[in-house]
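Reviewing the structure listed below.
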Amino acid sequence: MGRSIFVNLGLLVVAFSLRGSEADCPSGWSSYDKYCYKVFDERKNWDEAESFCMEQKTGSHLASILSSEEGSYVANLAFKRVKHPSMWIGLSNIWNQCSWQWSDGSSLGYEAWVEGPDCVMMRLQPGFIDWYSVECKSTLPFTCKFLAKREDPAPE
C-alpha cells in the first residue's frame, strides 16, 4: 500500500511537470507555444474586453492570432467554453490610423478576415474559422492572451 501511494504520487508529479513544460500559466489559463490564453464567456464591447484582459495579468491583451495553428488552438478553446458563435480578438483600427493593429503590438502578418468597421471578431464554426470586422460597440465573448514566464531548464 505504501509503495503504491509513493508510485502514484511520483506519477502525479511527473504529469504536472510535463504539463507545465510548454509555458508556465496560472491556474485556469491554457498554454500554447509560449503564451497563456483564457476564454471568457461574458459579453463585452471591444474596449471593455481589452480593458478586462489588461486587468487580468500584466501584459495580457485580447488575443492576437499570429498563425493559422494559433487560430485553430484559440478556436478550439472557445468551442469548449463559449455559447456564442463569435468572439473578440485583439485586432482593430479604433484609432482610425488607416492601419490595422493588434492590441498587444504584434505585427499583422497572418490574417483570415474580411475588412469592414473598426474591430475584429473570430467567427467560430466546426472546421472553419474566419474573421469579420464589426462595430466595436457590439458585445461578444473574448479571449485574453499574454506571454508566459518560461521556466529556465536546469543546468546539467
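In case you wondered, yes, glycine gets a Cβ from its N, Cα and C as well.
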- line: From the list CYS136, CYS144, Swiss-Prot names as the disulphide partner of CYS53 the residue CYS144
Message: If you follow Swiss-Prot, the disulfide involving CYS25 connects it to which of the following: CYS36, CYS98?
response: CYS36
Query: Taking the Cβ of CYS25 (disulfide bond) as the centre, how many other Cβ atoms fall within a 10 Å radius?
result: 20
- request: For CYS53 (disulfide bond), just give me the three-state DSSP call.
  value: helix
- request: Look up CYS144 (disulfide bond) in the DSSP assignment and report helix, strand or coil.
  value: strand
Statement: Between the disulfide-bonded residues CYS36, CYS136, CYS144, the one whose Cβ has the fewest other Cβ atoms within 10 Å is CYS136
Query: CB neighbours of CYS53 (disulfide bond) within 10 A?
result: 26
CYS119 (disulfide bond), number of other Cβ atoms within 10 Å: 28
